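To keep things clear, I will list the structure first and then write my remarks on it.
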Amino acid sequence: MWSNFTFTTRSGRQYEVDLLVIGKGGIHLLELKHWSGRIVGDHQTWVHNGRAEDSPRILADTKAKHFKQLLIDAGGRDLPFVHAGVVLHQPTAEVRLTARGRKGVYRIDGQGPEGLDELIADGLAVTPDNPRNAVDRRRSVELTRLIDKAGVRPSVRHRRVGNLELADTPLAEGPGWQDYLARHPMLDSVRRVRFYLVDRSVSEEERAVTLRAAKREFVTLENVNHPGIARAIEFYEHDRGLAVVFDHDATEVRLDHFLMQKAAELSIDQRIRLVRTLANTLRYAHSRRLVHRRLSPLSVFVRSLAHGRYGVRVRDWHTAGRLAPGSPGYGSYAAGTRTLEALTDRAAHGYLAPETLHDPGADPILADVFGLGSVSFLIFMGNAPADTGEELQQRLTRERGLDVGVELDGASQTLIDLVRNATAGDVDLRTESAERFVQELESLIQEFLLREEVAQRVDPLDATPGAVIGTREQPGRFEVVQRLGQGSTALALLVRDPEHGQAVLKVALDEDSARRRLLDESEVLHLAREPRIARGLEGPLVVGGRTALLLEDAGRESLAAMIRREGRLSLDFLGRWGRDLLEILAALDLAGINHRDLKPDNLAFRERGKSREVHLSLFDFSLSRAPLEQTGVGTPPYLDPFFDLIHRPLRRGGRALRGGRHPLRDGHRPDPHLRHRWQPPGGDRRRRHDRPRRLRAGTCPRRAGRLLPQRALA
């Protein structure tokens, strides 16, 4: 018998074993759980004192399989079966498991479901029917020597990654990775550390796939600042493999577990809000050219917020990729791996677009839309659309998409169409983008959500067209006309205001960092005196308990949307809007303002003057007060590749300006990898003529235009 030991698989996974026993019926690997309170569940999920989690039997089975492989690698032949079991040894626990969930679960004698006497009598002391699994005294000695040879060792406490001490057991695991909780010994902070593991027996090509996944996830998430996307903090090379450190919120619950916990409590309003938050997160990711490719409830975590609201956070971006420039419709893609199968948990296959598992060239946007639709099905219905990829394919063929109406009598046609269109098996019939999904979801919200009669009780983040919201002094001041979109900081609402007509109400998503950004933006807008910049009309205001700014309407269509629709622009528009960009930048330069996120998505069109000629207007100054040392602030394709800690220019608008002109001229975005590929001649010391030309502070637009090559505007 062995207790409290650790073993390491050939892929680098480490497992703690509580108890290992050799009996007449084979080898028994046992998990010991001192759980009190009420335990209910089945063979997949247990709910322990109201919190859902995977059955510990699943992890025990995984350990048993890896332990047998460890013995085979050590030279073992014709080995007996390695049984997995869970022993609940808290006598006061109330255990209510299904018949299938009780299999392999034991308690102390007399406490049920199965006492230790049954484990000893049936598992340890009885000779099995299959002679291969029988263990006599001689074979027991051989197995003992083999186990010692395999390299099991006493459990080691306080393993480290950098300055962080790792927990003893994994928090979660999947194909190619293991997650551990980690704590700083001097600080009261908890992090999540993900190890990317490579089997020693695989080819160099397969090893490279996993290592690229680790680096990709860190580089992808290092500069993403959105409450719905898990943020990467640090990257380490460790003796177990590459490790990425993430923020960790202990209150987060995996989506499928959350839905099991809250099945009887969640209203349709709360379910719709969950879908809306997830859809807006995905839309934000796509706006930054980031795609997930394997969205499923295993990658979505839910946390509780104030006022009965819930937030979501998407993890597992190691199969993600960046949309490649060159297509207005994002049709091309810089693929992350040869195939998703190597890095995808089989439990997720019932949610993934069928074309993605075997076709690395499948459209990643449409794959994410499918995942959004299938996860929405789970949120609305409370059960998975399918258990396997094969079952999912059969259902799609039969229903032409996931049909909520098959399982929910009286379902709204709007709800049926929302989910079925997003999960159409035929990609030509599938909802074309997360943006379009959000628009269709808003139609569903208008149908389902009852409008509050008392305006001050309406949360602006949930306000739908027609809702009336306002301040404490003027509770019915604003009528919501349209939801314009949501970014990482705020939600933009087009409102009708008796004092200013139609305007944009920008509402902070939280009263912490998002509120500070809005306050910074309010101060900056008072300094900007340029007709091509959307002015601040009023604020900061408190609307429905949330900080907000009332802004001039910059225009209904963004430059990015226009370029996606039209492609390359005519010379007339290039000249006019190129001059607009130069004059905007010159005005910012004179005012001493750094926008920090100049891009086509933050430029819109509106008419000016008596001629009603259409010109560009700039908006969203939420990043303008970000410290210059934070070189990753902004959107990757438009970041200045020359803006670094060694050679930092006074202004950062030039690169973004050239990035903004690039889509005007060529009809697609600049190469997002330019920032990482470019190397200055002669190393870090750049000759003066190698540096990019920049606008000088105080230059007039006409002179500024002469400082740039003429071909930049043509």
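Just so you know, the numbers here start at 1 and follow the chain as drawn.
Placement of Cβ uses the backbone N, Cα and C atoms for every residue, glycine included.
Proximity of LYS506 (ATP binding site) to non-local residues of its own chain (separation of 6 or more, Cβ distance below 8 Å) is seen for ALA490, LEU491, ALA492, LEU493, LEU518, GLU521, ALA548, LEU549, LEU550, LEU551, given in sequence order. Taken from TrEMBL, the feature ATP binding site covers LYS506.
Taken from TrEMBL, the feature compositional bias 'Basic and acidic residues' applies to 663-673.
Annotated compositional bias 'Basic residues' per TrEMBL: 685-696, in sequence order.
A mean pLDDT of 88 is what the model gives for the domain 'NERD' (1-90). Taken from TrEMBL, the feature domain 'NERD' applies to 1-90.
If you look up TrEMBL, you'll see 165-449 (among others) marked as domain 'Protein kinase'.
Feature annotation from TrEMBL assigns domain 'Protein kinase' to 478-714 (among others).
The annotation region 'Disordered' is assigned in TrEMBL to 654-714.
Each residue in the domain 'NERD' (1-90) gets a DSSP state, and the totals come to 18 helix, 44 strand, 28 coil.
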